[in-house]
Amino acid sequence: MELHATTIFAVQHDGKAAMAGDGQVTLGESVVMKHTAKKVRRLFHDKVIAGFAGSVADAFTLFEKFEAKLNEYNGNLERAAVELAQQWRSDSVLRKLEAMLIVMDKDTLLLVSGTGEVIEPDDGILAIGSGGNYALAAGRALKRHNGGQMEAKDIARHALEIASEICVFTNDHITVEEL
């Protein structure tokens, strides 16, 4: 059985960038193993935030590989993401990893997947994981209708809170990082 399930949400808003993730780790489809996992982390001298959804062991492998790429390309987020995606897609061992990453710095927000995709959203919002669609919808509504009164970190936190009320694989122990 694998450990997985989570929700990660990221937003760029009013010159700031924030990412939030819940703390639930689920064994299979029915057992919560941990409530306080930290799936959002700062990398590269605290200039980059990365969050993962999927298999925990696979995600840690990808974090290490991504951080190595960031160091290799001196913090160039886009180049590091593209290089990781290429390696992930072409390496027979990495190709079996079951996880997705959202990575961001102050200027750029990207989704990185094992199929070789590196996607930058049109609206500055991304969400992945079991509650990703709920968080995405909530985040878009918050940004669109309350954006003038909320900071990026507040949009991220509230989007995750709403997702946790709907998705059984997402809890309300939320970690938020902001740039």
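Every residue, even glycine, has its Cβ placed from backbone N, Cα and C.
Over in Swiss-Prot, the protein carries these features:
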ACT_SITE  Thr6  active site
BINDING   Ser164, Cys167, Thr170  Na(+) binding site
Should one count Cβ atoms within 10 Å of each candidate's Cβ, the recorded positions Thr6, Ser164 would be headed by Thr6
Taking the centroid of the Cβ atoms of Ser164, Cys167, Thr170 as the Na(+) site, which other residues of that chain lie with their Cβ within 8 Å of it, listed in sequence order? Thr7, Asp22, Gln24, Ser130, Gly131, Tyr134, Ala135, Leu160, Ala163, Glu165, Ile166, Val168, Phe169, Asn171, Asp172
When each of the binding-site residues Cys167, Thr170 is scored by other CB atoms within 10 A, the minimum falls on Cys167
What is the separation, in Å, between the Cα atoms of Cys167 (Na(+) binding site) and Thr6 (active site)? 9
Distance from Ser164 (Na(+) binding site) back to the residue listed as 'active site', taken between C-alpha atoms, in Å: 10
